[in-house]
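A.B. asks: For reference, the structure I am asking about is given below.
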Amino acid sequence: MARTLQGEWMKVEQKGGQVPAPRSSHGIAVIGDKLYCFGGEDPPYESIDNDLYVFDFNTHTWSIAPANGDVPKTRVLGTRMVAVGTKLYVFGGRNKQLEFEDFYSYDTVKEEWKFLTKLDEKGGPEARTFHSMTSDENHVYVFGGVSKGGLNATPFRFRTIEAYNIAEGKWAQLPDPGEDFEKRGMAGFLVVQGKLWVFYGFATANDPKIPTLYGSQDYESNRVHCYDPATQKWTEVETTGFEKPSRRSCFAHAAVGKYIIIFGGEIERDPEAHQGPGTLSREGFALDTETLVWERYEGGPIKPSNRGWVASTTTTINGKKGLLVHGGKLMTNERTDEMYFFAVNSST
């Protein structure tokens with residue numbers, strides 16, 4: 001059967017400059033012809049720096065953005081970042097000493113950081129790591145992640161979405177998806193054609209009597225959910241496909257049209273948990289959010305090796321939209337600084 005999504009992998013050349021060290025558990029976002037990179041770890045649980053790195057797609061060189069304004073003080077891992085307009089939004093993360101960061105923006109025109117929200121205060125979002133983040137034109141969304149504890153009684157992982165209204169500068173929690181919804185970290189999280197999709201991720205069992213894949217209450221999930229802001233309703237989505245991805249977390253993902261595109265990820269955690277590499281994938285899959293059918297994609301000979309705990313985003317390079325992947329953890333448990341782009345050539 002002919003594949004409905006065609007594309008090709010390319011390795012993005014990096015010619016030098018102030019190049020970020022290899023890392024995982026960091027955040028990236030693209031504004032115009034610039035890629036921004038923040039946070040990360042190497043080795044496990046060792047945060048690296050608090051510099052904001054800038055990659056120029058025209059010169060293929062790196063630089064460090066000016067550190068003006070309310071610069072985040074903590075060197076963080078397990079953080080996430082998105083772009084809306086000309087601003088970056090960075091949420092959460094922590095260092096080895098369990099010092100957690102808050103919510104900031106960075107104006108790429110003024111080249112200035114701005115403190116936005118103190119996390120862990122009553123009535124607002126709680127501090128966290130290994131969460132997921134996405135955005136639309138008016139909102140920044142944060143899903144899941146691992147709890148610090150904070151002032152509110154909270155499970156070890158979250159199952160709710162926090163929505164930040166950019167114009168109003170206010171947070172609101174979207175409707176709770178219910179007890180059957182898994183609490184997850186490192187899940188896929190995207191806005192696709194106006195709806196919020198949560199898929200796969202590392203989950204905590206709701207019922208302690210339920211046996212899990214690892215003999216504990218933590219496991220890789222394969223469930224897919226969708227939230228419609230128009231109706232304020234959650235739906236668990238039953239997907240199909242001859243080549244359907246196995247359970248996983250910590251994978252790269254992007255939205256292109258009606259498609260959710262994923263790559264790699266952790267398909268089995270390491271016996272030493274985050275200290276080890278686990279079993280990592282180099283498979284690529286695409287979900288048609290209209291037909292709800294998964295299919296595998298290959299993308300030619302230039303394909304990333306097995307990896308997880310990457311940073312990823314949707315962007316356009318050379319006129320083609322696709323999935324950009326930076327850094328991550330390899331099967332050797334080493335971190336990488338490689339950058340790859342899966343360019344979508346056609347989709348039906």
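Heads up, the Cβ atoms here are built off N, Cα and C, so glycines get one too.
The active site, proton donor annotation in Swiss-Prot covers R94, R157, and the record cites experimental evidence as its basis. Under the heading active site, proton acceptor, Swiss-Prot lists E220, citing a curator's inference as support. Annotation comment: Swiss-Prot describes E46, R94, T129, F130, R157, R269, W309, V310 as (Z)-N-(sulfonatooxy)alkanimidothioate binding site, evidence class a curator's inference. Per Swiss-Prot, Fe(2+) binding site is recorded for E266, D270, H274, and the stated evidence type is a curator's inference. Residues or ranges marked as repeat 'Kelch 1' in Swiss-Prot: 1-33. What Swiss-Prot records for 34-85 is repeat 'Kelch 2'. Look at Swiss-Prot and you will find 87-133 tagged as repeat 'Kelch 3', backed by sequence analysis. Annotation source Swiss-Prot lists repeat 'Kelch 4' at 139-194. Sequence annotations record features per position, and here Swiss-Prot assigns repeat 'Kelch 5' to 209-254 based on sequence analysis. The repeat 'Kelch 6' feature in Swiss-Prot is assigned to 259-314; the stated evidence is sequence analysis. The repeat 'Kelch 7' annotation in Swiss-Prot covers 322-348, and the record cites sequence analysis as its basis. Taken from Swiss-Prot, the feature site 'Essential for catalytic activity' applies to Y45, supported by experimental evidence.
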A.B. asks: Given the recorded Fe(2+) site (E266, D270, H274), which additional residues of the same chain have their Cβ within 8 Å of the Cβ centre, ordered by sequence?
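C.D. replies: My list of surrounding residues reads C250, R269, E272, A273, Q275, G276, P277, G278, G308, W309, K329.
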A.B. asks: So among the recorded positions R94, H274, who's got the most Cβ atoms within 10 Å?
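C.D. replies: Going through R94, H274 one by one, the largest Cβ count within 10 Å is at R94.
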A.B. asks: Between the repeat 'Kelch 1' (1-33) and the stretches 87-133, 209-254, 322-348, work out which stretch tops the count of Cβ pairs under 8 Å.
C.D. replies: 322-348
A.B. asks: Can you tell me which recorded positions out of Y45, R94, R157, E266 are within 10 A of W309 ((Z)-N-(sulfonatooxy)alkanimidothioate binding site) by Cα, answering none if there aren't any?
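C.D. replies: Matched recorded positions: E266, sequence order.
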A.B. asks: Where else in the chain does the repeat 'Kelch 7' (322-348) make close Cβ contacts, counting only residues six or more beyond its ends and a cut-off under 8 Å?
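C.D. replies: The answer is 4-12, 14, 19-24, 26, 28, 30, 35, 37, 40-43, 55, 250, 252-254, 256-259, 261, 263-264, 276-277, 280, 284, 297, 299, 302-316.
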A.B. asks: Where the distance is taken from Cα to Cα, which of the recorded positions Y45, E46, R94, R157, V310 turns out closest to H274 (Fe(2+) binding site)?
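C.D. replies: Closest by Cα: Y45.
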A.B. asks: Between R269 ((Z)-N-(sulfonatooxy)alkanimidothioate binding site) and Y45 (site 'Essential for catalytic activity'), what is the CA-CA distance rounded to a whole number of Å?
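C.D. replies: Roughly 16 Å, rounded to the nearest whole number.
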A.B. asks: Of the recorded positions Y45, F130, E266, D270, V310, which sits closest to the residue listed as 'active site, proton acceptor' by Cα distance?
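C.D. replies: The answer is E266.
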A.B. asks: Restricting to the chain of V310 ((Z)-N-(sulfonatooxy)alkanimidothioate binding site) and a gap of 6 or more, list residues whose Cβ falls under 8 Å of its Cβ, or answer none.
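C.D. replies: In sequence order, the residues whose Cβ lies under 8 Å from that of V310 ((Z)-N-(sulfonatooxy)alkanimidothioate binding site) (at least 6 apart) are S24, C250, F251, A252, G264, V325, H326, G327, G328, K329.
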A.B. asks: Pop the Cα-Cα gap between F130 ((Z)-N-(sulfonatooxy)alkanimidothioate binding site) and R94 (active site, proton donor) into the table, whole Å please.
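C.D. replies: So the alpha carbons of R94 (active site, proton donor) and F130 ((Z)-N-(sulfonatooxy)alkanimidothioate binding site) sit roughly 10 Å from each other.
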A.B. asks: Which number gives the other C-beta atoms within 10 angstroms of the C-beta of E266 (Fe(2+) binding site), all protein chains shown included?
C.D. replies: 25
A.B. asks: I'm trying to understand the geometry here, so how far is the Cα atom of Y45 (site 'Essential for catalytic activity') from the Cα atom of T129 ((Z)-N-(sulfonatooxy)alkanimidothioate binding site), in Å to the nearest whole number?
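C.D. replies: With the alpha carbons as reference points, the distance is 11 Å.
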